[in-house]
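TrEMBL lists B:1-10 with the feature compositional bias 'Polar residues'. The annotation domain 'ABC transmembrane type-1' is assigned in TrEMBL to B:143-347. Annotation comment: TrEMBL describes B:1-21 as region 'Disordered'. Summarising the annotation, TrEMBL assigns transmembrane segment to B:30-49, B:55-75, B:87-111, B:150-169, B:181-207, B:213-229, B:258-282, B:329-351.
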Amino acid sequence: MATTPPDLDKPSTQLGTTRSASGVRLGDRIFRGSSMGAGIFVLVVMAAIGTFLLIRAIPSLTSNESNVLTTQNFDPDNNDWGIAALAYGTLVSSIIALILAVPVAIGIALFISHYAPRRLAVILAYVVDLLAAVPSVIFGLWGLRFLSEHILPIERWINDWFGWIPVFGGSVNSASSLFTAGVVLAIMILPIIAAVCREVFLQVPRAHEEAALALGATRWEMIRTAVLPFGRPGIISATMLGLGRALGETIAIALILSPSYAINASVLEIGGSTFAANIALRFGEIAETGRSALIASGLVLFLITLLVNMGARAVIARRKEFSGASA
Amino acid sequence: MSTTLLPTNEPTREPESRSLLPETRPLPGWMPWALAVAAVGLSVLLLLALGSLNLPLAVVVSVPIFAALVGLASARLEGTRRAKDRIVTVVVYTCFALAILPLLSVLITTIQRGASHLTPYFLTHSQRGIGPRDEGGGIYHGIIGTFEQVGIAALIAVPIGLLVAVYLVEYGRGALARAVTFFVDVMTGVPSIVAGLFVYTAILLGFGTTPKGVWGGLALSILMLPVVVRSTEEMLKLVPNDLREASLALGVPKWKTIVSIVMPTAIGGIVTGVMLSVARVIGETAPLVLTVGATDSINFNAFDGPQASLPLIIYDQAFRSSPYAQDRAWATALTLILLVLILNLVARGIARWKAPKAR
Amino acid sequence: MAKRIDVSGLNVYYGSFRAVEDVNMTIEPRSVTAFIGPSGCGKSTFLRTLNRMHEVIPGARVEGKVTIDGEDLYGQNVDPVAVRRTVGMVFQRPNPFPTMSIYDNVAAGLRLNGVKKKSQLDGIVETSLKGANLWNEVKDRLDRPGAGLSGGQQQRLCIARAIAVEPEVLLMDEPCSALDPISTLAIEDQIAALKEQYTIVIVTHNMQQAARVSDTTAFFNIAGSGKPGKLIEMAPTPKMFSTPSEKATEDYISGRFG
């Protein structure tokens, strides 16, 4: 029918002229192979991270003369180091961050999903995304040069009134404390927790909500009976994702904390250190064994965040199976 | 409205707006405003009595007082259930204010302290020969380093990320695909310092080489990869299956279908995702501390010798107490925020402009 | 250039579930064959096996034999891509490529298969659009997006796109079910014209449509949910709609079930 017959690589009587030996085209084989290769590459990278850190951590672990788990001091160049103080600082600052961030993040998520008018909600969701886009070094700068002077009176006030509780005890004369670090971490992990919660809250079946409202529930009762129970696994995994971020945050903490290697019950007193911040701060000044010890502490951090993140993903995956709410 | 028992046509979705029950009365519209004024007054009085009146504290104290007043008034007039609802509403709005506050504070502080130093001179000169206590200098060397390092990261992460996403959406099935999905998710949680340590151990120690810009780019690419994969995957999933079938039914091979039909259809979203992933790594500092070294001079060659970058300049200057160093830190921070902001805005713009219209 | 299709002993499986059982039929060249039957009876699934589009569905596989002018569709070294160039397909929902203009949509199959010469493409685009009876409506706006057309025009665009690669056989999977009656009529006219050149197989839920457009009708049925679909009866359309030989066919056609 065409005026000029198209010179397709297909004679009109033969089906399989362009076939290759296996019946699959070369282009498809290459493309499929390289995309699968890229997928495998991801697995290889994850395995390589663990392997390389382990290999380079071994020298310092074998030469260390102190117990690596219980020693608070961190002086690897003299073979006297451990991760006790780092682990404590990392954990405490992250817990403070979670305590402050999770309730506020749930509030934000509810605000966007159920309280704000629709058009406003879109803008507000964007604002929360922007908060997530601010680089951590800028939060560090802000924390060091702005927040610390404004938060010091508040820390003093807490110390004055609640100093009888060991956590808030001690003498407060600088804001370079785990508490300040925790506050900055809270701000930094707020967006991720809020974003995951918001997504889960928006997936609550409309029928559940309307059923609650039809029974005469107030908006809060509807949220308590329909939204929060449905969203609980989402809140848990969002919290764990936030925890993973907080545990691994480096530069903001490095800028804010005045490092010291001692476990101090008070979160308001100056000092403390975390795995990540310690690596960034000490890396430049330390000798070879020292770097190996830093790598060892980095390996511990990697494994902890790996576990936390895997846990978070597992919770999300389970919820998907049960609710079938998201395809 | 006060005593009717008849079911009215009023929407009952907003329980506080109308009540069908005669014994409860809704809070009059002016009441919350009056209570807000009262709350502010009370908190000012309270702080005056304690002798520690200042604006932030007054705001902080007013909110719980306001919540308490609204709760009390509502409990009195509408019953405790409504009261709880109103208190929660106040709490939720407060949460949102709490999220905006730090963002505004960071932005305002950075602009206030950085804007006056962000001059053309600052953008076009390096720090060479200028000590931390001296005035002047600029971030030209950092801009070059950041652009090159992020560029290298994108050159590595974007093609691999696109391929992984294609694998997951178009080919992947079974255990391998599940493992890849899972570890891409887990990879998003790898701390940035660990990415830096990995490049340090695998490349710098492994090959006995010295810090260079390219190694920083490599470390950044590890952080960028999962973000590119995730966003691209979402976009490819949005492409209707109809289009793949239409193309396959024309006798187009699968790989050509993906490259010529599926990817172009999703291109807007893919570009947006890539730009957002660039915005995410452009401010990363920790991996660079371990991999690119430090210099105060201009180095155009990312493959030779240490290279500066914007985040590293902020990190370095922030520690120094000299007011000139502070000025430089804030001005650099402002530059970085502007870059991130522009990337975000352009990305959203592309997303809106390229959004598939007919679906 | 139209071709005869022979199907013998064909079974289609989704994983371990048998969706279509033991189909034997012959489809004549230059004719329209309609597949009718209740939802889920496997007629669309079977249609897809005629150009190996079922392979796109994860887990689907086929046993049995399909030959086109004597050549085995499932032969060892037959490339499914080559099969689909010979046996084109039009889908239920119009699916023009949203990123392409009207012209590019029609030219897509040729371009992606390596035809680059503009003069050659121009000619084929025009004849294909004329063949789909769309030329007069769009000839002044070939560079506009294909997605901007109405539903019926989009479907005719998809037909033009399918015939542009010059297949021998055209499969149509409920091509009018998403269209209004006027657009449906236009497509039906089109089918009548296209059968001069192509072997056409059409799946439809609309029995009037089957009666109007087809020369031969095949009735598929399913014994119950979870059971495989079967070819019950195949006969010239006038006989099928007047004196079907199977009770089930008569019940279905007269609207007593399905």
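Backbone N, Cα and C define each Cβ position, glycine as well.
Just so you know, TrEMBL annotations never went through curation; they're auto-generated.
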Chain residues outside the transmembrane segment (B:55-75) and at least six past its termini with a C-beta under 8 angstroms from it: 27, 31-32, 35-36, 38-40, 42-44, 46-47, 82-84, 86-87, 90-91, 94
Distal contacts, the transmembrane segment (B:213-229) - CB-CB under 8 A, six or more residues away: 145, 148-158, 160-162, 164-165, 168, 184-185, 187-188, 190, 192, 195-196, 198-200, 203-204, 273-274, 276-278, 280-281, 284, 287-288, 290-292, 299, 301-303, 306-307, 309
Distal contacts, the transmembrane segment (B:181-207) - CB-CB under 8 A, six or more residues away: 164, 168, 172, 215, 218-220, 222-223, 225-227, 229-230, 284-291
Distant-in-sequence neighbours of the transmembrane segment (B:87-111), which means Cβ under 8 A and at least six residues beyond its ends: 63, 66-67, 70-71, 74, 330, 333-334, 337
